[in-house]
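The structure appears right after this line, and notes come after that.
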């Protein structure tokens, strides 16, 4: 099974991707996580990608396509995966279809701009186990202590400020809305209300994928 999660920054793709991937025992591949891993390396590619991310701009198709192809052609993903954050535009979608021939399902997370901004600006994660929290909606039960592993160290995304987030949303709309129309005609496109809480969204996705 190959499932693509589409939606703007802060729509909840990463949270649901991890949950559903664990439930159906498939890898969760998040383009943003791949980029953040690359950025930590001392390479010219890392510097180039980091410059785009810091400015709230999308990384050029040629770079994105090559990075994602290198990952997806690994034998670790031969049985399927949940793909989060790719493709982002028509050119990427057609590149993806050029080397992936299996049937796919596309799930789009629909969320208002106002809620997206709060989700992104409030987002942080446990540095140890990567559990995601939000200063507006989902804080640890005990202050500064991770609910899952007990760690007291957290990561805050440096590229997340209101100006950059708003720009990322606008860039996303310009780039990705034509892709939504393209996939709507595929017969495998599904929309979920991303404004619901985590549990409700998870249930909606399980129904789409016909899993318990």
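Even glycines carry a Cβ here, placed using N, Cα and C.
According to Swiss-Prot, the feature region 'LID' maps to residues 122-160, out of the candidate ranges 122-160, 161-199.
Swiss-Prot tags one of the stretches 30-59, 60-89 as region 'NMP', and that stretch is 30-59. Sequence-distant neighbours of residue 149 (Zn(2+) binding site) (same chain, 6+ residues apart, CB-CB distance under 8 A): 126, 128, 129, 131.
With the fewest other Cβ atoms inside 10 Å of its Cβ, the least crowded of the binding-site residues 36, 168 in this structure is 36.
Around the Cβ of residue 92 (AMP binding site), 20 further Cβ atoms fall within 10 Å across all displayed protein chains.
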